[in-house]
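Written below as structure tokens is the structure these notes are about.
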Amino acid sequence: KPDGSPVFIAFRSSTKKSVQYDDVPEYKDRLSLSENYTLSISNAKISDEKRFVCMLVTEDNVFEAPTVVKVFTVVIIFKKEVDPVTQLYTMTSSLEYKTSKADVQMPFTCSVTYYEPSGQKTIHSEQAIFDIYYPTEQVTIQVLPPKTAIKEGDNITLKCMGNGNPPPEEFLFYLPGQPEGIRSSNTYTLTDVRRNATGDYRCSLIDKKSMTASTAITVHYLDLSLNPSGEVTKQLGDALPVSCTISASRNATVVWMKTEESPYINGRYYSKIIISPEENVTLTCTAENQLERTVNSLNVSANENREKVNDQAKLIVGIVVGLLLAALVAGVVYWLYMKKSKTASKHVNKDLGNMEENKKLEENNHKTEA
């Protein structure tokens, strides 16, 4: 055993001529002990490379003789040549080896052991890694980029792979409801997918269509309609029945909300909405009056906490209110400036008129004195 403990596998008595094989599973039906005490092991395996001991038991003593069995899975051919002049030996060793997929990227080396006056010496060759080719035995398909949900308008890419070496470079892609495959490289892209793209997608090898892989794709959608919609005018106190109709690819929860607004007091006004985005979105707030139009945007990540979103939304509201106040102040200042300019112009014109009249009076007085 690997730990050094012995296991008896076969016994033959010289007196009773009987053979007994112990119950060792790895040697079941592979052992044969002949009359001349030769043990044969059929169908040799790498695991048979062990230390075997032949034990002779007599009335007076016990004798043991060990041997180590080496098991090779290769054919090694030796060739020896002697130089008739120098009497030096040239040794050539050739290896015949049947590779498997497990040997991919495995290094092969050979070593030479020889004797010199200082003793035994061993040298090793450089490692060699061989290209091992084998056909594709399985194909797989995946959707890129990996998403928890695909929605209408998304772009998705199907990627097909084979486990052969070298890997296949072309495949056939089968779309739902289409029996004929589309020849493409190992990727096939669908752009701006719609709900009718939901279904099973397959890919196969070009020369072996029976070897396929498939994946199911669901394109999610959400249609929402209100009745009535648009702007509705009602008398104060009238009832306003509103119905919400939803068509979705999976269960949806309906929540009714009124947008929160403040009255316009002292040049200030705000409007607030609450959102729960499932993906990154951009919010745009537009404030407009007769003097100016201001637009502000905010990028909201779906994984941000709600308090942060609310704080940033309040910040936008504050900025917009501030801009409205600035625009209002600018308008008032402009109005006062224009009013003051008109008044000043009237005074200037009046003064100029008085100066002309005085000048004419003085001229008349001079004429009279003369």
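Using N, Cα and C of the backbone, Cβ positions are placed for all residues, glycine too.
For the domain 'Ig-like' (135-218), the DSSP counts in helix, strand and coil order read 3 helix, 40 strand, 41 coil. TrEMBL lists 135-218 (among others) with the feature domain 'Ig-like'.
The average pLDDT computed over the domain 'Ig-like' (237-301) stands at 85. Among the features that TrEMBL reports, domain 'Ig-like' is placed at 237-301 (among others).
TrEMBL lists 315-337 with the feature transmembrane segment.
Feature annotation from TrEMBL assigns region 'Disordered' to 349-370.
Positions annotated as compositional bias 'Basic and acidic residues' by TrEMBL: 356-370.
Note: the domain 'Ig-like' (237-301) comprises 0 helix, 28 strand, 37 coil (DSSP; helix = H, G, I, strand = E, B).
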